[in-house]
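First comes the structure, then the notes that go with it.
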Ligand SMILES: Nc1ncnc2c1ncn2[C@@H]1O[C@H](COP(=O)(O)OP(=O)(O)OP(=O)(O)O)[C@@H](O)[C@H]1O
Ligand SMILES: O=P(O)(O)OC[C@H]1O[C@](O)(CO)[C@@H](O)[C@@H]1O
Ligand SMILES: [Mg+2]
């Protein structure tokens, strides 16, 4: 254990990794060092906080050169003993003995505040720490960009850069062969990656968790492109989008959230079956989470790290830093995790996409692309409460898709 003669700040990275985690760590270390704090980083997310305690002392010297490195030098996990929300159920209480153990670790190390870098699930754990009296602040991370109260989580920009690059590449090969290409991207509850990459990469059909779609409309788009002399079509589908019959595609995992994936294959096979057109699928998977952060994510992550330290110094425990352009602000962690931020089907971005003729697989809206509504008309419906999301998860778990894969194709 370190000597506690000097004040100290702790940091950990939790949940699915993403580009920019190291930039946050560096931001925390450098800015806390300037203020005279020591810094420790716990290993493997929350797991390193107790039994056994695993951490390393972080200094400006040993964190040098990590700004542009993907992954996290502290390690991360999206499973373990601290589940605060799991798959189909709502809030899960963390074992009080674990919480007591964590509190002891934090006190023994003289930690004034613990910076918890995570997505919705990991910040739900931080919220329970806060309620127990463990001094935490949150930093919003996830490629899915589905946390409310912040315009962007870091990692998202890097993920859409990767997905856009993939679409650029698929575009040329699709055009050369006159094929339909389906790109499956990540996005558990929210279709931000599919939407942004789809627009940036010239997608023709974008299928999201937020917008129900039909096979007929997807196929209609392919045929209407052909009638314009375009022999190829790019389809982008979020892994969390449901099939037209409402079922999700993935596999159940015990004690943790379902592993999504596979909808791209189903979409490709069904288009091919219905239209007799050569259709191929590309699953981008973890390429979206790896590699160096974009410039935007480096700047955002660095700001998040520095402002998380500021929150601790100002005694704003239980708060999460957030980006409300042009400022980095803070909100109670509970506010950010109780409401997921989903794509609003009437948002400006979706409207613009429709205006260009991009299909979201639902004909009503597709047929009137210029029926724009003012920005204020549609804000009330935005977001999905934690409970509604859990119900969606429950539906996923009930119909999981070994069976669906075959049935959807029948
Ligand atoms: N130590 C742990 N013990 C148990 N579960 C954990 C632990 N750390 C993280 N998790 C779980 O991992 C999952 C993913 O974490 P989080 O939501 O923070 O990341 P994410 O990037 O948003 O990923 P996802 O989209 O998969 O939720 C959450 O369900 C969270 O509760
Ligand atoms: O790598 P894992 O554990 O399969 O997690 C995948 C999930 O994590 C995320 O990438 C978010 O971090 C989701 O988009 C995806 O559903
Ligand atoms: Mg999450």
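Quick reminder: no glycine exception, Cβ is built from N, Cα and C everywhere.
Among the candidates 97, 239, 335, the one that TrEMBL lists alongside 142, 143, 144, 179, 186, 187, 188, 280, 286, 287, 288, 289 as binding substrate is 239.
16 is the only one of 10, 16, 20, 191 that TrEMBL places in the ATP site (with 79, 80, 119, 120, 121, 122). With all protein chains in the displayed structure included, the most crowded Cβ environment within 10 Å among the binding-site residues 16, 80, 119, 121 is that of 119.
Mean pLDDT, taken over the domain 'Phosphofructokinase' (9-312), works out to 96 on the 0 to 100 scale.
When the CA atoms are compared, the binding-site residues lying within 10 A of residue 120 (ATP binding site) are 142, out of the candidates 142, 188, 280, 289. Taking a C-beta cut-off of under 8 Å and a sequence gap of six or more, residue 289 (substrate binding site) has these contacts in its own chain: 16, 17, 18, 19, 143, 155, 159, 186. When the C-alpha distances from residue 287 (substrate binding site) to the binding-site residues 79, 80, 119, 121, 122 are tabulated, the minimum falls on 119.
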